[in-house]
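Quick look at what TrEMBL lists:
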- Asp272: active site, proton donor/acceptor (ACT_SITE)
- Glu75, Asn218, Asp272: divalent metal cation binding site (BINDING)
- Arg167, Asn169: substrate binding site (BINDING)
- 73-331: domain 'SMP-30/Gluconolactonase/LRE-like region' (DOMAIN)
- 6-26: transmembrane segment (TRANSMEM)
Amino acid sequence: MYKYAYVYVYAYVCVYACLCACMSRIHRLLLPDSAIKRFLAGCLNFSSRILFALYIPKMSYKVEPLPDSYAGLGEGPHWDEARQSLYFVDLEAGSLLRYDYKQNKTYRTQIEGETLAGFVLPVEGNAQEFAVGCGRRVVIVNWDGVSPSAKVVRTLFEVQSEFKANRLNDAKTDPRGRLFAGTMRYIGDEFEHRHGELYKWEAGGSVSVVKSDVGISNGLAWDEKAKKFYYIDTTDYEVKSYDYNFDTGVASNPKVIYNLRKTSPKDHILPDGMTIDTEGNIYVATFNGATIYKVNPSTGKVLLEIKLPTKQITSVAFGGPNLDILYVTTAAKFNQPAPAGTTYKVTGLNAKGYPGVSLKI
């Protein structure tokens, strides 16, 4: 509704200025210069008030909690379009969660024998199978989406057997169904020991390293229109873009497009998960910032700051029947007070995203 408002305002101000000028000529015959100046100043002030009060658009969004959605370390939101459900994990509990949109209800399951669940991705062609990051293994879990317990049925692959202190963190499938998953140091200082890596796996193939020297492998997003892949290593305090070949799955030519560093390291903002809308804007969750930044990746300009009622924002994903709801996972680490750990939905953003892509195996 605001698309052409500035044109109307400009025309209005021009007409108003002309009227003021005409009136000033008439008044010049009757009024002293000081009165005319006051009259024109009043005209300008009135025009300015109209311009700023009526025609400068302000984004009005609404943040609401999902029912029974607490996760101590919520991560990996994935919207399954077919089931109209949001899947996510309680990472350090080894649990999977499913929010059913139609029922407005959240289901939770514990993976038997597992204490970690870094991500959850539906498997294409099998409604009860999910790829889950358990420790350094990517396993296939069988879950009906309702039962309180789920089972590992097989291991897809394992990485970094030499780094026992590492674990898988964030992961997504690219638009072709390839798996991209990264690791981080789970025990110790991730900023000092950059032993993480980003991996790619696709059906019928083997695991390959996309990037080494990673501190905390995190947000991933793809833009088919721009032929780009976006990636976050939290310990770099930035978002990088890569040229991306969607036929081969090869990323190249990294470039920093958004920098979250501040004047002092203790003030640096920690980028975490990420998603993208249909216009190519990225949404960057911040683990220590209580904010999601909507960024134009071509210019690095922040288009919108989405504020949440808790500090540790871990990841984001678009979903809902019209793909215009932004779902947000959070964490309650380091004694964060309530409502930390709550999963939210953000509406009224006037933006749409893409559904999650199932893993092809």
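Every residue gets a Cβ built from N, Cα and C, even glycine.
Listed binding-site residues: Asn169, Asn218. The one with the lowest count of other Cβ atoms within 10 Å of its Cβ is Asn169. Cβ neighbour count for Arg167 (substrate binding site) (all protein chains, 10 Å cutoff from its Cβ): 23. Each of Gly76, Asn169, Asp170, Ile216, Gly219, Ile232, Thr234, Gly273, Ala285, Phe287, Thr314, Ser315 belongs to the same chain as Glu75, Asn218, Asp272, is absent from that list, and has a C-beta within 8 angstroms of the C-beta centroid marking the divalent metal cation site. Counting every protein chain shown, the number of other Cβ atoms lying within 10 Å of the Cβ of the residue listed as 'active site, proton donor/acceptor' is 28.
The recorded positions close to Asn218 (divalent metal cation binding site), defined as a CA atom within 10 A of its CA, are Asn169, Asp272 out of Arg167, Asn169, Asp272.
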